[in-house]
Amino acid sequence: MKWIEVSIKTTSEAVEAVANILYDGGVAGVSIEDENDFSLLEQSNEAWDYVDEALLDRELEGALVKGYLPEAADLAYKLELIRQSVALLPKYGLNIGLGEVTTLEVNEEDWSHSWKKYYKPTHIGKNIVVKPTWEEYERKEGEMIIEMDPGMAFGTGTHETTMMCAQELEKIVGAKYTVFDIGCGSGILSIVAAKLGAEKVIAVDLDGTAIRVTQENVDANDVSDIVEVRHGNLMDVVTSRADVIVANIIADIIILLSKDVKNFLKKEGIFIASGIILDKVEVVKAQLIANNLEIVKVETMGEWAVIISKLKGGVDE
């Protein structure tokens, strides 16, 4: 079967928005190459041990997001829709850089596995290592290994937002904790929480592919007795409360979620919110405060932030 590879040159800031546009346009799988990932690796000598040397020869400015569309009658319409949607992003405050959209015809076998050669075992926390299921890795003492095959779902663990969320979970989650993972993607944060000792984790996503991939990764990591995967949104599929809620999505959705998240947190419950570009931090903080949440701290990595907040004054349980 023939596929059309759609490549979009953009910025690290716009990566998630561009990826979402591709998914909305009907792509089957997304890959992301981001120069910020290399900058982060340069800050950690240890991480270089896990990078394919072929990557170091690749010249990349900004970010390159690729998606794949089947060659079909409505292809031209979908491509035009993608181009128009990318062009509109600056109106929402995003710097898209070149915003250049190009296409290339490829065979299915060319794209469905080629991205795997760039996905290597990576430290995403003090003791957390994400390892692709097809890679060999010798575990060091004290390390927690997360086996991942993200498939078509967003979330390999190497993005700044995922790393920051994982690092905060590593500091916070303990035995008997209940954790909700909102917009679970590939399930990586749910698995991290489970392996950190959480008693119960509920992973929620609106996307059917994300639900399937999360369940597969949960099973592969032997945490299906802890992690329950639910299809839908938080308000519709969850009725209980959590000690920690983590949401690695985008700023606008965090703002919407802030209105309801207090109804799902236990007394002194913690809300870990990421997927937030630096320009949106103050707006998100203001909304969290307006909805009875107290800002604990803000951490940044590259052009992204994670905001940690907690419920003011507790709740009646």
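Keep in mind that glycine also has a Cβ here, set from the backbone N, Cα and C atoms.
According to Swiss-Prot, the residue from GLY125, GLY142, GLY183, GLY269 that belongs to the S-adenosyl-L-methionine site alongside THR162, ASP205, ASN248 is GLY183. Of the binding-site residues THR162, ASN248, ASN248 has the largest number of other Cβ atoms within 10 Å of its own Cβ.
Within the set THR162, GLY183, ASP205, ASN248 that the record links to S-adenosyl-L-methionine, no two Cα atoms are more than 16 Å apart, and one pair reaches that distance. Shown are the binding-site residues GLY183, ASP205; the one with the most C-beta atoms within 10 angstroms of its own C-beta is ASP205.
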